[in-house]
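What follows is a single structure, and I will ask about it in a moment.
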Amino acid sequence: MSGKETRAVRRLRARLDEARQLHGLTDDPLLRAVRMERFRVSVTRSLWFFLALGLGFTTTGVHEFLAGQLDPAHPMWWGAWLVEPGLAGILITLLRWEAEMLARGLDADARPVHWLKRLLLGATLITNVWASLRPATGGINAGMVFLHLVIPLVVFLIAEVMPVIQHRCATARPEPAPTVPAPRPALKLPAHLQNALSSKAAQVRSEGRPVTPADVQAAVNVPDAYAARLAAQLNQ
């Protein structure tokens with residue numbers, strides 16, 4: 001029976017070698033850290049997008065609460081459109097700060113931060129629900145009441161979930177393996193200098209003490225830094 005490999009065996013062996021190389025690369029801690037960071041950014045962007053959609057909807061409820069009885073000719077009718085974007089801007093800035101701190105592994109769990117987030121989102125929830133229960137025109141619409149209740153709550157929960165996602169992604173990010181410094185090559189001297197240094201080292205050891213740079217320089221004429229390295233090498 002011939003021991004020659006067939007073309008199919010050679011092809012499969014090449015694929016197996018390639019798979020082993022790919023496995024070694026994809027399992028690298030640095031590559032896994034980059035993938036985890038990209039995943040975190042992707043999830044965060046999606047949450048920001050849906051958070052912006054929710055705040056866009058709640059803006060109408062806040063405007064209805066503040067200026068539902070007013071005419072567009074009234075300045076307050078126009079100014080009311082700026083209230084929710086202003087509150088949302090503060091919330092978004094706060095969330096950005098919180099996300100950055102957690103992504104860097106820093107603690108952002110402070111009581112004033114939680115109170116400010118709850119105050120901003122609570123104001124949005126109350127104004128939206130009140131506007132849907134007391135509409136300026138027409139009767140109460142159960143669907144609008146539901147939406148003006150649920151969407152602010154969803155916005156609130158997104159604001160609470162985002163820091164959790166940032167923290168968990170930062171925790172799951174693998175740490176790169178510590179790099180071990182390469183050992184410094186041993187210093188070498190000419191034979192006659194090495195013999196003189198070995199004799200001096202033996203004399204010092206017989207005295208029960210380690211070799212010092214001064215001992216090295218007493219045996220051979222070398223610079224201070226070189227003598228320190230030779231002394232450390234002899235004491236190993």
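Glycine too: its Cβ is placed from the backbone N, Cα and C atoms.
TrEMBL does not curate its annotations; it predicts them automatically.
I grabbed these lines from TrEMBL:
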TRANSMEM  46-66  transmembrane segment
TRANSMEM  78-95  transmembrane segment
TRANSMEM  115-133  transmembrane segment
TRANSMEM  139-159  transmembrane segment
If we skip the immediate neighbours and take only residues 6+ beyond the ends of the transmembrane segment (46-66), which ones have a Cβ under 8 Å from one of its Cβ atoms?
76, 80-81, 83-85, 87-88, 91-92, 124, 127-132, 135-136, 147-148, 151-152, 154-155, 158-159, 161-162, 165
In terms of Cβ proximity under 8 Å, which residues at least six beyond the ends of the transmembrane segment (78-95) contact it?
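Apart from its flanks, the transmembrane segment (78-95) reaches 51, 55, 58-59, 62-63, 66-67, 70, 72, 113, 116-117, 120-121, 123-124, 159, 162-163.
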